[in-house]
Amino acid sequence: MEDSEIFQSHGYRFEIHKIKTPDNFILSAWRVPGKITESMKDIAKKPPVILQHGCLDNSATWTINYFNNSLPYLLLEEGYDVWMTNNRGNFNSYEHTNPKDYSVFDYSSAYWNFTFDDMAKYDLPSNIDYILDYTNKDKVTYIGHSQGTMQFFAGNCLQNVARKIEAFVGLGPVMYVNHMESPIATLAVTLKLDMIFKFFGLNNILLWPKIVNVSLKDLVVRIRRTIWRLIQLICGVGAEINIDLDRMPVMGRREPGGSSLNNMIHWIQLMKTDKFQMMDYGADNMQVYGQPAPPEYNTEIMKDNLKDLDMLLIRGSTDSLVTETDFRKLLDHLKDKIGKSLKYEVVENYSHLDYIWAKDSMELINKPVIDFLKQRKESN
């Protein structure tokens, strides 16, 4: 079943919106504004909410869990106008206004030069501005997972994005990754796989035709437990498997979303340096930044922009991509907000994908998110 059919089969409208960025990338956003039976007048009254996926992911990540166990479903039931946005470079969002010079099918084209810097600078504000303009609202609630939080933090170092945000929820929030405990990520750095990919001109990562995902679905059916254990070596190994392995074929059909090699190199750079900084272009830094080293993101600007924003951060105790040390370093930037406009929670035995895919995510993640949004509404 296609993603549109999932929502439509449950009686909801489904729309796809194309959003052009200032640097001429075309992003795709899924909108589920409400029930098919609802009038446009009633839909127009609903507050919009953005669900932003993480690295190597796409908007379909929010539909991998059983529908009645998913965050989009609960938000819809609470009366939100739900937007699942996509970053550039995944299989739901790989268009450009100049496809000749920026062809997604040509691995050497300029299309693949992006990193999360561009998502913070262009994709984040473009998605927000489009949604606010389309819905005629002043603010939107933002829920990000993984890199979806990183680009939000980086974006607020560049401009005051937060002034357009009603509330922020970070699932597996990322800013620093120097203490990442992922065995496969660490092995990739040790073997310099990024340089091997670059040598062979493979400038995208895990982006392939959807027909490949259909084939993966059949493979996953046979060895679902083994494949999930491999995924855990990236995202975190807990005492228990929290997802329903019967959903693995659904995951195989919809994941991974893909990204650029440059984006992965940027992540590796952060793993090595323990800095929240822009992409290091080596000898080209002078041309790009006017200085020999890449600038660090100005977190003082971010702190000022976020000072009045209501925020909820949720970290899993076995999340190997968001270790306690790195999470504490993020919290240090926001310490003045803790207990006031910032709440944070640690969910035991949760790894990096469990926030969205786990069997008990309705109780441990989705309902606390809704409670947070309700409480801030009531206090305002």
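For all residues, glycine too, the Cβ spot is worked out from N, Cα and C.
Given the structure is predicted, the values throughout are model-derived calculations rather than measurements.
Look at TrEMBL and you will find 4-65 tagged as domain 'Partial AB-hydrolase lipase'. The average pLDDT computed over the domain 'Partial AB-hydrolase lipase' (4-65) stands at 95.
If you look up TrEMBL, you'll see Ser146 marked as active site, nucleophile. Listed in sequence order, His53, Gly54, Cys55, Asp57, Leu171, Gly172, Val174, Leu321, His352 are the same-chain residues at least 6 apart in sequence whose CB falls under 8 Å from the CB of Ser146 (active site, nucleophile).
The active site, charge relay system annotation in TrEMBL covers Asp319 (among others). For Asp319 (active site, charge relay system), other Cβ atoms within 10 Å of its Cβ number 31.
Taken from TrEMBL, the feature active site, charge relay system covers His352 (among others).
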Row His352 (active site, charge relay system), column other C-beta within 10 angstroms, all chains, value 27
